[in-house]
Amino acid sequence: MDQTVAYNVTDANPAWLNKGDNAWQLTAATMVGMQSVPGLVILYGSIVKKKWAVNSAFMALYAFAAVLVCWVGWGYQMSFGTQMVGFLGRPNFALDHNMLLGQAFDSLFFPNATMVYFQFVFAAITLILIAGALLGRMNFHAWMLFVPLWLTFSYTISAYSIWCSTGFLAKWGIMDYSGGYVIHLSSGIAGFTAAFWVGPRTNKDRERFPPNNILLMLAGAGLLWLGWTGFNGGDPYAANIDASLAVINTHVCAATSLLVWLFLDIMFFTKPSVIGAVQGMITGLVCITPAAGLVEGWAAIIMGLLSGSIPWYTMMVLHKKIQFLKYVDDTMAVFHTHAIAGSLGGILTGFFAKPKLNKLFYTDPTNKFIGLLYGFSTGRPGAGFRQMGIQLTGILFVIAVNVVMTSLICLLIKLIVPLRLSDEDMQIGDDAIHGEEAYALWGDGEKFETSKHNSVYDVEEFPSVVPKNAGGGGAVQMV
């Protein structure tokens, strides 16, 4: 059969397009997007006190929307475009029709439009993870400024240096399969740094900050876990065997890490903590991310054992002993779950990465990518130590970039609006900030009767639509 007939080659289906790869990339990107919306929206909105539910969820939703506009405006080209300066690409508009549809991405088999979307959801979740360190006290107007500024002047630097083929760490041969450095280490360090500048929650909130809905928290955590199939499975940029390996390694490591964290909680605190189990799940997912398609299954299990224990130790033991860690109010402990776990994953990648699997992902004929373990077993210890050196250099680079740029951004914003809410607003929470609350219980809904957004209709403009009852808080009845 003629190939043009078999593949229905038309202007909409050019010969270079692989429909399977394109379909998988769009699906994987959507799964990553669902980790944020609704995944982290639900997780954040339910893991905080009731009075912070709306604000916490909305910080995530706002970031998702704001990042997309900035991403297509200039962020994508600064991360994956032509070099402007040493650590940064040239800002340029990404919604060019010919670039989006007329060209395959980097000689692969799907259009640039797919790649722009795929990389957007990674950038978005990075900002949303940073928000986790700032819940319960950051001025929302300051957050509105922080998101585009941090994306522009911090995220793009790490992404270009590590993931773009012309970035200096990419040229050196750093291994970051799916974002252990660019996303998790960056968000952990940036979140912790921003938390330092924003300041802490009220003493009352720091002392007691119970979840308002643990079942919903688990629903958000479940979306986060299963969405990681797209997070790591999409990074070979093809529906191939390396994608399958990355997916199974991801879930094995996460499950192992969750169980280790759970057992440690039982051993030292006697009770199996649900919140602790979620933290263990997250550290396992973060740790395997830089290595997902580069290591064997047994290595993924070892990584799960370490990601369930080392971040547990830093969070539950060291955090209480080191004064500076106690001073900085990191609401969701992103320093431990993302910075520590991401660094751990980057180091273990440099140790466990198998040359045969590296070739599947990097397609490097020189075989320069090699874990230290295989450097010894193949008689190339020098290459293994070199790889470990590159991995450690990458950690130091990402830490430096995020501490410096996040600090400068926070100091700049502070000149415009306060970084932290007033003490009065922090005592009230959602109602003071948004004029809305998450739950209308025991008559609480009555307070929304005078809200501008009480109904989807404007009662003054449409007098034929009136509230059904005083406590309806938004129910309407046609009269």
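Easy rule for this one: first residue shown is 1, then count along the chain.
Just so you know, glycine gets a Cβ as well, placed from its N, Cα and C.
For reference, TrEMBL has these:
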| type | residues | note |
| --- | --- | --- |
| TRANSMEM | 23-45 | transmembrane segment |
| DOMAIN | 24-439 | domain 'Ammonium transporter AmtB-like' |
| TRANSMEM | 52-74 | transmembrane segment |
| TRANSMEM | 116-135 | transmembrane segment |
| TRANSMEM | 142-161 | transmembrane segment |
| TRANSMEM | 181-200 | transmembrane segment |
| TRANSMEM | 212-231 | transmembrane segment |
| TRANSMEM | 243-264 | transmembrane segment |
| TRANSMEM | 273-292 | transmembrane segment |
| TRANSMEM | 298-319 | transmembrane segment |
| TRANSMEM | 331-353 | transmembrane segment |
| TRANSMEM | 395-417 | transmembrane segment |
I'd like to know if the transmembrane segment (243-264) touches the transmembrane segment (52-74) in this structure, counting it as a touch only when three or more C-beta pairs sit under 8 Å and are separated by 6 or more positions. no
So, taking each listed stretch (116-135, 142-161, 181-200) in turn and counting its Cβ pairs to the transmembrane segment (23-45) that are under 8 angstroms, which one gives the highest count? 116-135
Same-chain residue ranges lying at least 6 outside the transmembrane segment (181-200) that approach it to Cβ under 8 Å: 122, 125-127, 129-134, 137-138, 142, 146, 150, 154-155, 158-159, 162-163, 174, 206, 286, 289-290, 328-332, 334-343, 345-346, 394-395, 398-399, 401-403, 405-407, 410-411, 414, 419-420
Among 142-161, 212-231, 273-292, 298-319, the most Cβ pairs under 8 Å with the transmembrane segment (243-264) come from 273-292
Any chance the transmembrane segment (331-353) and the transmembrane segment (116-135) have 3 or more Cβ pairs under 8 A, given the pairs are 6 or more apart in sequence? yes
